[in-house]
Amino acid sequence: MKITHITTYRLPPRWMFLKIETDEGVVGWGEPVIEGRARTVEAAVHEFADYLIGKDPARINDLWQVMYRAGFYRGGPIMMSAIAGIDQALWDIKGKVLNAPVWQLMGGLVRDKIKAYSWVGGDRPADVIDGIEKLRGIGFDTFKLNGCEEMGVIDNSRAVDAAVNTVAQIREAFGSEIEFGLDFHGRVSAPMAKVLIKELEPYRPLFIEEPVLAEQAEYYPRLAAQTHIPIAAGERMFSRFEFKRVLDAGGLAILQPDLSHAGGITECYKIAGMAEAYDVALAPHCPLGPIALAACLHIDFVSRNAVFQEQSMGIHYNKGAELLDFVKNKEDFSMDGGFFKPLTKPGLGVDIDEARVIELSKSAPDWRNPLWRHADGSVAEW
């Protein structure tokens, strides 16, 4: 079997799919994208195609190493996201050829189900509470919400009070009936993260995500030393070599590699194993589409240290398409009591509606993340 063609489709809301075709008619799908930089990743995918056309798709490990090492310059969000989507599609092909789901090819299940959590938006505490109540109605009891809005390097007590007030009202409204993580989104400087974490500790969040940017990872162990709240990070780390450094430094309780940013299934399985060796939990980052989610689920079901799975159903970014709009076998992604079950169809287990993909790719928006500014006019972290 040989790879004959690679096609990319930029899609709403902010996704990109790729299709790898073979000379035997077997097709694999992947989801390579950096949100807001889809065209750049698309260019990288087609550059990698030069290494792939005419090659045997079954040699996933070798093709991964070729894409990673054949260029003198490597790594980073663009290149690793391009590799990630290609890698997903290669695993999809292998599973279809062998008539087995990817988790079966990786040694089989370590669990029967995995807890899903849902992002909750809202500018006011009442909006967040209303969103949680609606999601509880369809079975969710675990959530993630923004821990704060933009925050100055050294900010005032009003900004701290606003963040704490939202969390306090949520805990008061639901008590211990729900769990929620707080995503700082890298918006907070290390000095302000110390203040916020201390003030939030009485409300027992499930985790604090990206309390500081990945570029400031040296602060993770320092922040972890001052709190009992688990610290989570990893969505902006792109290879096992970056994760190696933070695992060795300590401080993180939960790793959140993104299966569409960190080299795909091949690389993230290695990252999961590294995390287990350090007694660190795994919770793959996934605010993206159905192929990315499927890839995450296969890793969850073969990694003992996986604890829960993010998914984007109803997320505020989803303008123009929802999580399963491009999927024919929607029933396979249904949740029972807030848990996903293993996907059982061969390959990734996603039956893509190719006609719909082609149609909506004709008018895909160029999504950009917001540009925020502080009151003094300086650029703020989004």
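Any Cβ shown, glycine's included, is placed from N, Cα and C.
For His285, the entry in Swiss-Prot reads active site, proton acceptor, with the evidence type similarity to another entry. Per Swiss-Prot, Mg(2+) binding site is recorded for Asp183, Glu209, Glu235. According to Swiss-Prot, the feature site 'Increases basicity of active site His' maps to Asp258, an assignment based on sequence analysis. Under the heading site 'Transition state stabilizer', Swiss-Prot lists Glu310.
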_recorded positions clustered about Glu310 (site 'Transition state stabilizer') [Cα within 10 Å; pool: Asp183, Glu209, His285]_ = His285
*Tell me whether the residue listed as 'active site, proton acceptor' sits in a helix, a strand or coil according to DSSP.*
strand
*Spatial separation of the residue listed as 'active site, proton acceptor' from Glu209 (Mg(2+) binding site) - C-alpha basis, Å*: 11
*Once the chains shown are all counted, how many other Cβ atoms turn up within 10 Å of the Cβ of His285 (active site, proton acceptor)?*
25
_Neighbourhood of Asp258 (site 'Increases basicity of active site His'), C-beta criterion under 8 angstroms, separation at least six_ = Ala84, Gly234, Glu235, Pro284, His285, Cys286, Leu288, Ala292
*In sequence order, what residues of the same chain, 6+ apart, have a Cβ less than 8 Å from the Cβ of Asp183 (Mg(2+) binding site)?*
Lys144, Leu145, Asn146, Gly147, Glu209, Glu210
